[in-house]
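Participant: Found this in TrEMBL, in case it helps:
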- 12-30: transmembrane segment (TRANSMEM)
- HIS51, HIS55: Zn(2+) binding site (BINDING)
Amino acid sequence: VYPWLRGLGYTSLGIFLLGFLFWNIDNIFCDSLRNFRKKMPPIVGVTTQFHAWWHILTGLGSYLHILF
């Protein structure tokens with residue numbers, strides 16, 4: 001009925017799937033990411049916490065889907 005809502009639906013789905021992708025990367029490469037974080041500056045370690053990104057992105061994607 002409202003074509004402008006289609007973009008919101010795709011955005012919510014895309015953000016949710018991106019969070020799911022980050023979560024899987026974190027599960028598969030957990031040991032490698034831990035070793036990488038030990039060698040890099042602290043800010044890189046914070047931004048490569050993909051499990052945390054999973055929580056943020058799936059929460060945002062779910063919120064946008066509720067708005068949709």
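Just so you know, glycine gets a Cβ as well, placed from its N, Cα and C.
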Participant: Under an 8 Å Cβ to Cβ limit, what residues of the same chain, 6 or more beyond the ends of the transmembrane segment (12-30), are close to it?
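Facilitator: Tertiary neighbours of the transmembrane segment (12-30) are 49-51, 53-58, 60-65, 67-68.
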Participant: Sequence gap of 6 or more, C-beta under 8 Å: which same-chain residues meet both conditions with respect to HIS51 (Zn(2+) binding site)?
Facilitator: PHE22, TRP23, ASP26
